[in-house]
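Copied from TrEMBL, the annotated features are:
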REGION    1-23  region 'Disordered'
TRANSMEM  30-51  transmembrane segment
DOMAIN    31-207  domain 'Heme-copper oxidase subunit III family profile'
TRANSMEM  72-94  transmembrane segment
TRANSMEM  106-123  transmembrane segment
TRANSMEM  144-168  transmembrane segment
TRANSMEM  188-206  transmembrane segment
Amino acid sequence: MRMSTSEVIGRPQATATDPSPPGKHIPGEAGIWVLLFGDMLVFAVLFVVYLSRRGEDRELFAQSQDALNRNFGAINTLVLLTSSVFVVFAVVALRSERWRSLAPRLTIVGFAIGCLFVVVKIFEYHEKIAAGITPSTNEFFMYYYVLTGLHLAHVVIGLGVLVALSVLARKPSPTPTRIAFFEGGGCFWHMVDLLWIVIFPLLFLVR
């Protein structure tokens, strides 16, 4: 069957460098999702163990919870949510030829805001240690330090990822592979945010 010239011209042609291929789009690469789900599974197990132990000694856990500074937790929740929003904007900008030049700056803003989480957490830990509260104080604080410490390690790793993404975003003419890598790094940062959204109420609010 022969096709008319107008049909040929009117049909969009996909290219190897097209950053927005048609069809359903899943951000990042398959490997990053395996990593994310594995990471979340580890935290899920810790959450279940924590809830199980809390159910066995609710009074101790409730009394210990009263020693936590909820303001620190609330501030850090706002910090991570705001940082994640800027990372989302950076991903959108990188995929748009018009706004691509903003991607590095948006990523750096997300990084800078994310650094505030570490600063607030240092003040929070200092307050606890100054009051003589350590992981050996009781079982609640053992879980408090384990969960928040493990999450803090993920935050630090995530900040390193954001630095790498800001460098990547400065390279001209991003390929689909680079964009997928950028999206994967963004997904890791969003996972860090999501984990804190669970940890904050679990440790600070839920009785």
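Quick reminder: no glycine exception, Cβ is built from N, Cα and C everywhere.
The largest share of C-beta pairs under 8 angstroms with the transmembrane segment (30-51) comes from 144-168, of the ranges 72-94, 106-123, 144-168. Of the ranges 72-94, 144-168, 188-206, the one with the most Cβ pairs under 8 Å to the transmembrane segment (106-123) is 72-94. Residues 32, 35-36, 39-40, 43, 47, 50-51, 65, 68, 70, 73-74, 76-77, 80-81, 83-84, 87-88, 110, 114, 143-144, 147-148, 151, 154-155, 157-158, 161-162 of the same chain lie 6 or more positions beyond the ends of the transmembrane segment (188-206) yet place their CB under 8 Å from a CB of it. Regional average pLDDT for the domain 'Heme-copper oxidase subunit III family profile' (31-207) in the model is 94.
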